[in-house]
Amino acid sequence: MCLPVFLCVYLCFYMFTCVSTCLCLPVFLRVTCVSTCLPVFLCVYLYFYVFTCAGGWSPQDSDSYPWLQVDLGSRKQVVAVATQGRYSSSDWTTRYRLLYSDTGRNWKPYHQDGNIWAFSGNSNTESVVRHDLAQGIVGRLLRFVPLDWSGEGRIGLRIEVYGCSYYVINFDGQGVISYRFKVKKMKIIKDVIALKFKTWDSEGVILHGEGQQGDYITLELRKAKLLLQINLGSNQYGSILGHTSVTSGSLLDDHHWHSVMIERYRRNVNFTLDTHTQHFRTNGEFDHLDLDYEPMGGGMKNFRGCMESINYNGDNITDLARRKKLDTSSFRNLSFSCMESHSFPVFFNATSFLQLPGRANQDVVSLRFQFRTWNANGLLLFSNLDDGTLEIALDDGKMGVHFNVTQTKNTRIAISSGSGLNDGQWHAVHLVAKENSVMLTIDGDEASAVRTTTPIIIRTGGTYHLGGEEGSVCVCKSFQGCMQAILLDDQLADMHAVEKGIVGVFENVSLDMCAIIDRCMPNHCEHGGRCKQTWDNFSCTCDRTGYTGATCHTSLFEQSCEAYKHLGRSSDTYWIDPDGSGPLRPFKVNCNMTGVCVCVSITTSAEHCQQQVSYACRMSRLLNTPEGTPYTWWVGRSSEKHFYWGGSGPGIQKCSCGIDRNCTDPKYDCNCDADHKQWREDSGLLVYKDHLPVSQVAVGDTNRQGSEAKLTIGPLRCQGDHNYWNAASFTTPSSYLHFSTFQGETSADISFYFKTSAPYGVFLENLGNTDFIRLELKSPTVVSFSFDVGNGPVELAVHSATPLNDDQWHRVMAERNVKEAVLQLDLNYRETRPAPPQGHTRLELFSQLYVGAAGGQRGFLGCIRSLRMNGVTLDLEERAKVTPGVKPGCQGHCTSYGMYCRNGGKCVEKYNGYSCDCTATAYDGPFCTKDVGGFFEAGTLVRYNFLSEAAAANQDARFLAQPLTAQEVNLTGEAVAFSFSTSNTPAILLYVSSKTQDYLGLVLRQNGTLQVRYNLGGLKEPFTIDVDQRNLANGQPHTINMSRINRTITIQVCTHTHTPSLRRPKASDTQLNLVKTLFLGKVFETGVIDPVLIERYNTPGFVGCLSRVQFNGVAPLKTALRNPITDRPTERQSVPVSYQGKLVESNCGASPLTIPPMSAVTDPWRLDSGTIHTDMFICQPLYFLFLFSLFLFSLSSCLISPDFCHPSQVFPVLGFEPLSLCLSLSLSH
């Protein structure tokens, strides 16, 4: 017995607010045995009927596919449903699916978040569970399909439905509705067009209007996608092309209702299909739609289907047509009811099976059907013949037919046709097989039909299996998709009989519906990523987009030159993405790591920007006068016009000369405004960064005879990145910053840096009703990312091997999209969590975004900087200025980044970052890693004075006996480092003199070997060290590192090969007394000088390259290059360095080896295959102490020539092959 229960009082109340009539609608109740229909009652009667009949709907246990069907009497828009369990029982439904239709055939499931939605039901018999439909549905019939029910009883259901009425017009492919304007010609600046349609055709024009000037607007279906074409005007010369086309949606030939809205204001258009909106701007320069013909609906390309609620700029065309206020004469029979489709689709999932009867023992196989799917592979049909098998399957998007007949002898026939048949469109298959002939036709294309004349004898088996078959030998998966119009052996399959259980057998098949979903529409692949899909899932191909991730959301590039700089990159050309995952595409910039970026679109975050503009003119005026109309203007970043020129500022209609009051004609504020016949120029820098870059310049005074002008726009140059260092310090556990609600419905990314000494704290949190998103330091080693989009809380956690509360900067990156969630820490730790295959996907938040705390609990103590959310950097500093307990900026950057200052550079703390002070080093650059060197010609020398000129010239004994001043130094040790390359010998590399007879010299002898000469006193002859017997004057770079502490001398020579010669010194003093002057390249000195050095090595002097020269804390070569010679005596006295001859800055003395020790072809000890690692340069004393022991140990077994005793043989355990070997010598006594 089927008990009708419909709580009509709620429905009628709701209906009364929507329409003028209030009728309770009939309810169809289906069970296996009977189908009962209640008549139409007025509300009061049905209300009474409900309360006199207890219970509710509950199907019989034998019903394998139960559903409850509701007939609303006419088409309604349904906006909400509610359910209860069966009265006074243990029966209720815990989960159900909602289907809807206009005719009781061709059912469509309710979709939400891109999935066939399953509603949560009841947990008892009394409570009412209501669901407001996120997307209202339109139909006459509803079906409630139980999926799960009470474990204590059985299925039980009472329902309520809420909705309103609609009117409809049927288009037969011939008729057209003509809507004439009130005036013949319309010049429209704003349009609002709305309608709903449904059709079973994939092609057809829905609306079209045009004007005599070429303007038009067209809305049409193409391949079941909606195409909007609009043209606000083009010109006859082709310089202005206004045509714009946008495509939306797919699978729109599903014979279900779809809503469209087009909103245009000037050139800005919102194009909405169902719930997906595209925003775009039309091409061209015009902003009016000039129409003088009426827009038409249907007709032009035989649109067949139904439309309703057609509104054009406030006029209800549907109502006007119903009241015969419009021309409908082209219709043979205008109908306000929708013609229904005669198709009966069948939906197959991965476990579906449908068995249908054919004709047995026939000698002809004749099959027809239509299908649509996204899967490239799948078994569509299988049949056991009288003696063999038949299979029809998709294989890589092609339709394949396989016959295997074994009646007399094994006969195998395999043919295939078509391609790309897994595109989601309907495709028709026609197979005819008979004696000596098999023909396969796809989509009715007889010209492309595939035939074979292989002899074959066929006897049909009488049964066909669609969608899958356990006995099939096909390696294909079961078919997932839809079929319709199935003819087996020329008999149309009676799907109504199948539905009633009279014919055929099926399992897990949905009848009279096609639940195909286009998972690529809307396209969740961002930034131009290409979407690919199967029936169950989709994937994004991000090649050549500049983005990565499951949805191409995350940029591959850093946000600025500043970010690359702190990755240790040198000056070069880089791709940057200032807004990360935002709409701005990556672009190339030239990064000068001293802080200047040559680029085009990063003015928002830059600390300073400028752009050079120049206007050269002859009888071509520029701005005229401050009160007059300007002849020339330029357009900036926000498409606004500006009337000032380079060297001036906003609101000042002048050029640079007008500001400086030095224009050619003082009556004007620009040189060009004087209108002279001679060439003049107005140029200068535009520095107001909010107006930059210059995107367009309009030049107006060039049409007079004799007038000429030349315009030059330089590149945009920006410096600094405020966003990268934008920081706030949270000083109390209850302090926080608040911002507007985070908008990250389907795709959200968050990145920031933090440092703290606290063991825990919430970084940020944003809440909704049940949805939320939170990032938190849960413990000293754990960062978590948690969220809920309606499917229950999800938490990702990454565990660090070291404590994170170490007061060092750490980077956190989190992303959530419809495919997955990702959490990454410091580029080292990463966790990924895939999204559930079905469920909610939209993150709906409404509270403010809190940074630094979560409702005052577990507040964060420390610093957060560079907080970016979906490509937008939050201004923490500005908000912190007005927030108690939070301070703008963050100190202590050197704690984390000081290690990047190399070669003795000093980290200097800044408010918004840090810098490396390279003053006391021989290096330059942002991290003190750039070699500073020079090329010495013959006779060039560099002199660095440790004493003032007066002190150096005073050799009086009384002066020497006086206490040492700050400039007078006695050295008990030296640290010398430099690189050189030369091909000339002999030469002086470095010489240090003193006011006594002490000195230090490093020279290249005639044979190119290196010698160190010391005179510290106490010895009859200078102490010399012949460091290497190899020729170092080979044009290759070599690095020298030498240090002395009292009597211990350590020398490192980094070169490709050498053999040392050692002599131990005799007793000597330990001090280099009263150091006076250091010379590079040549010595030009008064007083006591090593005569051997002068006679043998000083002429003609060093010719070659010296680089990164350092003596103790002095960088003499860098100081000389950074302080050019001046003629001013006061400046000469303040600078301790000078040079003679020609000195050209170059780092050639520190370049890597250009000639390997041995070619890759002839080197017998080379480990790799032909790759020459010329950049491998090992120069570490600690390494050498270990390697030198191995070297001595291995040398005894290396009995061949030293030239062929390759380092890769000496150091096989270390697994590397140094092209450069550093020798560390220690001499002591």
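Cβ coordinates come from backbone N, Cα and C, glycine included.
Values in this document were obtained by computation on a predicted structure and should not be read as measured data.
Marked as domain 'F5/8 type C' by TrEMBL: 57-164.
What TrEMBL records for 168-338 (among others) is domain 'Laminin G'.
Per TrEMBL, the feature domain 'Laminin G' maps to 343-514 (among others).
According to DSSP, the secondary structure content of the domain 'EGF-like' (516-553) in residues is 0 helix, 10 strand, 28 coil. Residues or ranges marked as domain 'EGF-like' in TrEMBL: 516-553 (among others).
If you look up TrEMBL, you'll see 552-594 marked as domain 'Fibrinogen C-terminal'.
What TrEMBL records for 726-890 (among others) is domain 'Laminin G'.
Annotation comment: TrEMBL describes Cys863-Cys890 as disulfide bond. A 10 Å cutoff on Cβ-Cβ distances gives Cys890 (disulfide bond) a total of 26 other Cβ atoms nearby, all chains included.
Annotation source TrEMBL lists domain 'EGF-like' at 891-929 (among others). Only residues 6 or more beyond the boundaries of the domain 'EGF-like' (891-929), in the same chain, are considered here, and those with a CB under 8 A from a CB of the stretch are 562, 565-566, 568, 570, 593-595, 722, 724-727, 729, 755, 807-809, 863, 977-978, 1108-1110, 1113, 1115, 1117-1118.
Summarising the annotation, TrEMBL assigns domain 'Laminin G' to 948-1148 (among others).
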Task: Helix-strand-coil residue split for the domain 'EGF-like' (891-929), DSSP-based - done: 8 helix, 12 strand, 19 coil
Open item on the list: For the domain 'F5/8 type C' (57-164), how many residues does DSSP put in helix, in strand and in coil?
Closed with: 0 helix, 66 strand, 42 coil
Task: Predicted model, mean pLDDT over the domain 'Laminin G' (343-514) - done: 88
- [ ] Count the other Cβ atoms sitting within 10 Å of the Cβ of Cys863 (disulfide bond), across every protein chain shown.
- [x] 22
